[in-house]
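These notes concern the structure reproduced below.
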């Protein structure tokens, strides 16, 4: 930045020392009369603090500082020194944005640390965004979900301010927040034509009826993320109605907090079928964080899931059913499994899931022969194959070295199992 | 007159394979082996009692081995920079030797001492023997940058000559007429201090599970090789309940303090492999333990911020939580997860834990459950772990917390399931957490799920005698996976929608996102160089199927540099052609990569 701020100074210095006079003088631009669009361009890549400082250099730069384009995107970072290593957006800057640039904001996100005060500060800012036309709003907890600790009424009233005033929201990410049905109703009443993306995983105050209302009214919705308890046959049918655009992405989190206390319902095959008829290309992504014994209701019928992620141990039976009932499967990640090798299950998945292109195995066991069989069957279509070294059990047919060369041969590229440091 | 030498011991606490020590003796009239210890520093340092004990045992052993050669070890109280000038004068020193230290702090200290010695007219001889290779050579072979993946590192190693052979052990014959002048009051002035003298309370201190010293190290390496020969299997041993316990064949603390030469270990392994397998070229995997260590030394040697997140160019900035109470629970084995607490207890009592146990507790502290900075965990290991070397400790923590080295971050260890699979019976837990001894195997990993009657029968009520679990693992791991995704997918790749929100399609498994910014005021002549470094780095992450590179270029000229760099990169490695590869210039918003795109129409 120095070179921009002090051209005359440095020229003066050079003249005094008598060096490079002729060269520098002919090249020194008049920084104050740079065209606005160039200054704007430069400003976009300055940190906010630098931008604010630069704006006090001259009238021209100050004019640029207030060009709306510069203020379309803003990320409020709210952290407390006691809970975060990262710095916050300066309070003066926040005030300035609210006062002078609120009407220009289009893409707004809030990143808050695990402290409740930070989340409250975010809500306070939200409730002041009255004259806005925000398109994208993201509330992001960077550590623990601190929005959940804000009083629900405070949170909801702040969020409603944006929902009511913006009227052209297209993308909203409000995972892990106390958003509720009435606030979703306000969202729908004001933004039903523009809403394209809604991410609201782990919002315990929303009911299936609340999300159904969104699906019924917002026909442009293309991406949706929610928890399994909000997923219903009605919801899938609503998303499959004629008026509705093709759904591109549906993400479902299946979470249980205590073993045996959550009963999981099942979804009818006809509802899934309706969704796939309506949106043949849709990605259906499911994240499972369940105990082994809770998997029973899932995948007993054909399910059009494309991406599967098992964050905890998954039962062998469940993996067996995936091979039988998930023909659209593209990507499979198994973080952990019991002690028995998964050979048969994997081979069945290779046989039946013809679109499978990516697989990741964490704490599981597969014999080297079983794994080789799996790789042979999938061949080059496996664009991503991430297996921990510990997963593979050497047997009489293959050693680890052989596995590396054989798998590389079948994939058509150099492949290694993932390794962790031996210390 | 034959020179008077000082050999300065730091690491490398051994007489075998010690080239710098040999140089000290060669042709010298007198030799004095010194070790610096600052008693004031000892009391205030953050090293735990086990580490100090190990060190003192090493020094004792060194002293007694030197006595066999009619020499002694001189333990000097004070700081090298303050004391050396006096020693040079008092002992009329003309030669100083020491082992090369690759760590940034050590390099700085040694440079200062070297300068000081030269000024005093003392010749300085430095020899590499703590690592297998000259690390600078590895970096040079990689185009001036340390390799950032282990695979890349292995590739480089395989292109290098094998390490140098160990030199012979210092012997009376080698000493020849080189002597050590020892005064009457040597023990008072220069003796190895006891733990008590350093201010440690040793009452009730159990005997060392890992006794320090070169003699012990050499016994262990023989046992280690005997066992390997007996098993005749050179694969990485699979983990079981037994491998969790301190083994009389374990070597890592001895390598850390240099009681055992890594080169000696390397060549003994090679010999054994050839004898048993009857083939001449052992695979690199045979040296796994040694090469990982070497990898982290290489990554750290040019990076003084290697143990920090801020200002460390290879560390991803992750918005970790600051939570001193949670950190203390973890460090003091009070998490309420028996598997984690047993490991942390073993660490505190014995100073060593199995490497998979390290993964388990490191994952739990950072990305798995508590979301606390790896720097905090590293400091606890620094205090307690016998083999925690600065480079290896920081490197492993960055690795395990997915802060560097391009890790897949879906591998999260479950604090219940992982232990249960390793040791289904739970004997490890009963050994280190006697309070849980009464629990049956079914509940020993998650005792909070045990019915009241079982808790009563075990004489251990959860929440009273043993803490309740401090987090809900399912919920924590769900959140943390999301957090990790936020970090790795800062930019949206959704067509036309929000610029701010990270919108994933599918799982994170696929994708490597890279953000690369050039500072606005960087001068243009450095751009091509920066980019070639950058693409050198890119070639190390080939295992990702899709690579999106977001480049912030403050100037259009930059595009040309990217173009040049990319082209040279393509001609050097055809890898990109097989990958989906996006290069997105976030500033000027257009590509100057037409010919590149032509090269691989199916991908772009």
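Cβ coordinates come from backbone N, Cα and C, glycine included.
Unlike curated entries, TrEMBL annotations are predicted automatically.
Here is what TrEMBL says about this protein:
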type    : residues                                                                    : note
BINDING : B:289, B:290, B:291, B:292, B:293, B:294, B:295, B:296, B:387, B:388, B:389 : FAD binding site
DOMAIN  : B:3-132                                                                     : domain 'Photolyase/cryptochrome alpha/beta'
SITE    : B:320                                                                       : site 'Electron transfer via tryptophanyl radical'
SITE    : B:374                                                                       : site 'Electron transfer via tryptophanyl radical'
SITE    : B:397                                                                       : site 'Electron transfer via tryptophanyl radical'
Over the span of the domain 'Photolyase/cryptochrome alpha/beta' (B:3-132), count residues by DSSP class, listing helix, strand and coil in order. 59 helix, 29 strand, 42 coil
Take the domain 'Photolyase/cryptochrome alpha/beta' (B:3-132) and average the pLDDT across it for me. 93
The recorded sites listed are B:320, B:374, B:397; by CA-CA distance, the one closest to residue B:291 (FAD binding site) is B:397
Would you mind pulling the longest C-alpha to C-alpha span across B:289, B:290, B:291, B:292, B:293, B:294, B:295, B:296, B:387, B:388, B:389, which the record has binding FAD, in angstrom? 16
Spatial neighbours, same chain, of residue B:374 (site 'Electron transfer via tryptophanyl radical') - Cβ under 8 Å, 6+ residues apart: B:309, B:320, B:362, B:365, B:366, B:397, B:398, B:400, B:401, B:403
Is residue B:320 (site 'Electron transfer via tryptophanyl radical') helix, strand or coil when read with DSSP? coil
Chain A, Cβ under 8 Å: which of the recorded positions B:291, B:374, B:389, B:397 qualify: none
Counting other Cβ atoms within 10 Å of each Cβ, which of the binding-site residues B:289, B:295 scores lowest? B:289
Can you tell me the three-state DSSP label for residue B:291 (FAD binding site)? helix
Mapped DSSP class for residue B:397 (site 'Electron transfer via tryptophanyl radical'), helix or strand or coil: helix
Hey, what's the Cβ neighbour count for residue B:387 (FAD binding site) at 10 Å? 23
